[in-house]
Structures are given as C-alpha cells and as structure tokens.
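Here's the structure, in structure tokens; my notes come after.
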C-alpha cells in the first residue's frame, strides 16, 4: 500500500495526480482542494482511465483524508495577480501555509511533505519552520525541473540521449539559479571535453544562452499557453517514486541548509539523496569559486525575502 495526498487540484496538482496514476507505484491518490467540485471532477476524469492501467484508487477528499498518506504533495497557493509584486505573493502564500500546514499536521505528522507551490524555496523553508518536522521530512521540488530542462538543452546541442547528460541547476528555483558547469558531464566525460571531441560549441556565450533559456523557460511557456504543468508533474512523479521505492537517488531538491558553502537558514537546491525517509543527505559538490559565490548570492536573495516574513 502506498498513498499520496495532493493538496491543490489546479493545473500542477491534477496533472501530478495523473502522472502518478500512470506510474504504477501508488495505490491511493487523494486530491484535496477548496474547490471540491474541481477535485471531484479531476478524480473522476483520471479514474475513468484506470481499467487501461494498473489499478489505483483516485478520489477527492478533505484535510482529514491525508491520514495514512506516505507523501503529501503541496501544490496549493495563490496565483500572482497583475500589478502584484513577488513579495506580495510570498506574503500571501505564507499566510495560506501558516493556516494550511497545521491543519494537515493534525491528521498526518508522519508523512514526507513535498512542497511544489511557488516560490518553492521560500515556502519550503516556511513549512519547515512552522511544522516542527524533522529535517529531511520537508523539502521542495526545487530545481529538479530546471535540471531536466538543462539536460534537455545540452542533449539537443550534442545530439545525445538526455539520460546520458549529467548536469545540475542549483540554488534558487528562480532568477538566481545557475548551472554547475564545473561538474557537468556526458557519461563521465566533462562537457568541455565532449564538445571538443565532437566539434560542438562550448564557449562563454553558449553557456550564458543555455542558462538564460533555462531561467526563462517558464516565462516563455506561460506566454504561449498560460501555465506550465506537464514537465513539473513529471518531476513530482520522479521525486515521489524515489521516496516510495526508497531509491536513494540523487535529485536537486530544495532543503533547509545548515552550513553548506557557508549558507544556513534558507532553503535552496543542491544534489541530495532522496529515499523512503525523505532527504537523507545533501552532497558536497566540488564547485568552482565562481559557482560558490553565485550560490551564496542566491542564498542572500532568499534570506532578504525571509527576513520580511512573519514566521
């Protein structure tokens, strides 16, 4: 038996439920949303395809139905309105989380809490602070999606299977994120060397263009279709699978830091071992001096926001 509760049945929540239903790793999925009819409709829509896949029980519920869930995926939150600043949105969602998280904990304080709502790094830290849950049991989807975008772009550049591209986007899931080029490789061959062997461009301008494309990917998609949800739902599925299967896989999830690269009291993404008990350990990467400074800058930006929150 494996149960996942998804809080928020919007684009991301509903699509995550769909990808998890297809995964075959979950026996029960409950969708919880203030708009109960939306959750009921999404659950029915997914359920009508169950005869064609592995059996899974998908249904709509309330906070009390998170009881017994192995993983609670939080996608609920306010959307940014025209003219609203990022800080306004952060404060609004922090208020929502301060009300919602204690309600969830009433019914389940044993689950892994996976935060997906943006700004994910801030809300992961907010959840960690107000929940009182042990370190590792609360973390965010972080830059798992960004790293996937990065690998995809490099695979297209090199005409290679993206699964053979090993690269990480670290730091904030947002404007200050960056690629850890110093450890990027293709099947063990450094990216620089691989490009040299294959006659591919790998200069400073190319790297800058790739990073900018990763950072701006969501903006581009939102401009075209209004929202992003397919790829992030695949990222959610991958993280949940790592937990339920106790894979101890390495993913760039966002966790509260406790001294990595001189940073603490914020949540940021670094490659981390993820298994049945959540995040087991954050890996210490051999970053370049420039990358360490970029990471610290990302942390500083997050810390400035956190200082303005009432948590």
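Keep in mind that glycine also has a Cβ here, set from the backbone N, Cα and C atoms.
As given in Swiss-Prot:
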- 12, 33, 38, 63, 77, 78, 99, 116, 117, 118, 141: NAD(+) binding site (BINDING)
- 80, 86, 118, 119, 120, 121, 146, 147, 148, 149, 228: substrate binding site (BINDING)
- 151, 166: beta-D-fructose 1,6-bisphosphate binding site (BINDING)
- 173: active site, proton acceptor (ACT_SITE)
- 219: phosphotyrosine (MOD_RES)
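Within the group of binding-site residues (99, 118, 141, 148), the Cβ with the highest number of other Cβ atoms inside 10 Å belongs to 141. The shortest Cα-Cα distance from residue 77 (NAD(+) binding site) to any of the recorded positions (146, 151, 166, 173, 219) is found for 173. Among the binding-site residues listed (12, 38, 99, 151), 12 has its Cα nearest to the Cα of residue 120 (substrate binding site). Its Cβ placed at the centre, residue 151 (beta-D-fructose 1,6-bisphosphate binding site) has 23 other Cβ atoms within 10 Å. Per Cα geometry, 219 is the residue among the recorded positions 117, 151, 219 nearest to residue 228 (substrate binding site). Taking Cα separation as the measure, residue 80 (substrate binding site) is nearest to 219 of the recorded positions 12, 166, 219. Contacts of residue 117 (NAD(+) binding site) defined by a Cβ separation under 8 A and a same-chain sequence distance of 6+ are given as 8, 74, 75, 76, 77, 93, 97, 123, in order along the sequence. The two recorded residues, the residue listed as 'phosphotyrosine' and residue 166 (beta-D-fructose 1,6-bisphosphate binding site), have Cα atoms 25 Å apart.
Its own atom aside, the Cβ of residue 77 (NAD(+) binding site) has 24 Cβ atoms within 10 angstroms in the protein chains shown. Within 10 Å of the C-beta of residue 173 (active site, proton acceptor) there are 30 other C-beta atoms, taking all protein chains into account. Using a 10 Å Cα-Cα cut-off around residue 173 (active site, proton acceptor), the binding-site residues 12, 38, 141, 148, 151, 166 reduce to 141. Over all protein chains present, the Cβ of residue 38 (NAD(+) binding site) has 17 other Cβ atoms lying within 10 Å. Cα spacing between residue 99 (NAD(+) binding site) and residue 148 (substrate binding site): 33 Å, rounded to the nearest whole number. When the CA atoms are compared, no binding-site residues among the candidates 12, 38, 151, 166 lie within 10 A of residue 118 (substrate binding site).
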